[in-house]
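What follows is a short report on a single structure.
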Amino acid sequence: MEKVDIKNFTLQELEAYIAGQGKERFRAKQIFKWLYQQDAREFADMTNLSKDFRQELEKTAWISNLDAEAVEASADGTKKYLFRLADGNAVESVLIPDEDRTTLCISSQVGCAMGCEFCLTGTFKLTRNLTTAEIVNQVCAVKRQEPVRNIVFMGMGEPLANLKNVVGALKILTDPDGFQFSTRKVTVSTSGLVPEMAELGASVTVNLAVSLNATTDEVRDRIMPINRRYPLKELLAACKAFPLPSRRWITIEYVMIRGVNDSLDDAKRLVRLISNIPSKVNLIPFNEHDGCTFQAPTQDSIDKFHKFLLDKHVTVITRSSRGSDISAACGQLKGRLDKAVKD
């Protein structure tokens, strides 16, 4: 019988597994705390479980782990981690320091199938989904080295295209017996998979970020093929329907591209589009990269766009580019570090 990777289980699933072994369900909480609060890497580390029970677990289950194969540091303090998976594929995570908090950007897929024109990861194509264990092990590995305050699913892949495993990881991240992250500290970003947005909202409580990036279907169809399946009207309706706890907002991510979506007319349309959605806007100046003809917006167009939103009482920040010198900035993850390691 093939052993199960115990890190693929949520607490509820682990309780069922332990009960199936003829043991008390509360043992699952003990194991969970060892895995995610004590970073136990072997059952032998779990000293409040009997030796016999630990030996029984080893017969049917195992504990997966990831260690960074390479770490690249940016001049601004950002760090990019390369993780080699058991099948030889690789994913990247990015740790972004910011005064009193650090944010870890994690991957949910090897590659991505969304094909967004401005995103380097999209040229990598989709190889496969990550398992729940492979997602949470990115967090385990980085937390061994650095404190992590916030988690964002904004690395490689479309999280909602791997909904089951992402939801499993979210439950582990926010479980009081797991990583203990506040749901306010965990954000899932999507390019706009409308049915899965509803499923996510019904499954877990987390922050939602929506990669909007255009104010007309014509432009969004061109730069984000997913819009042909779920156009703006459907996407914005899904945003409005997404269940939010009090005093929470959906983050509208808007990658500004010169001559494509950075005009004042775009700013005016954006205000109208999100007027009835509890939201805040993140303006993200496009990060130029090889193989893409798009250009970064001018500072003048960024400033005017930002000011227009502020004047219309929209909560807005312009995100500074972090880690661009190590290809760790928004839209730049594509395994450059993996290639460097192999070479």
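Every residue, even glycine, has its Cβ placed from backbone N, Cα and C.
Summary of the site annotation: Swiss-Prot records S-adenosyl-L-methionine binding at GLY157, GLU158, SER211, LEU212, ASN213, ASN287. Screening the candidates SER182, SER189, SER263, SER301 against this entry identifies SER189 as the one listed for that site. Cβ neighbours within 10 Å of GLY157 (S-adenosyl-L-methionine binding site), excluding its own Cβ and spanning all shown chains: 29. In this structure, the CA atom of CYS112 ([4Fe-4S] cluster binding site) is 4 Å away from the CA atom of GLY157 (S-adenosyl-L-methionine binding site). Mean model confidence for the domain 'Radical SAM core' (98-325) is a pLDDT of 95.
Sorting the binding-site residues SER189, SER211 by the number of other Cβ atoms within 10 Å puts SER211 first. Cα spacing between GLY157 (S-adenosyl-L-methionine binding site) and GLU92 (active site, proton acceptor): 11 Å, rounded to the nearest whole number.
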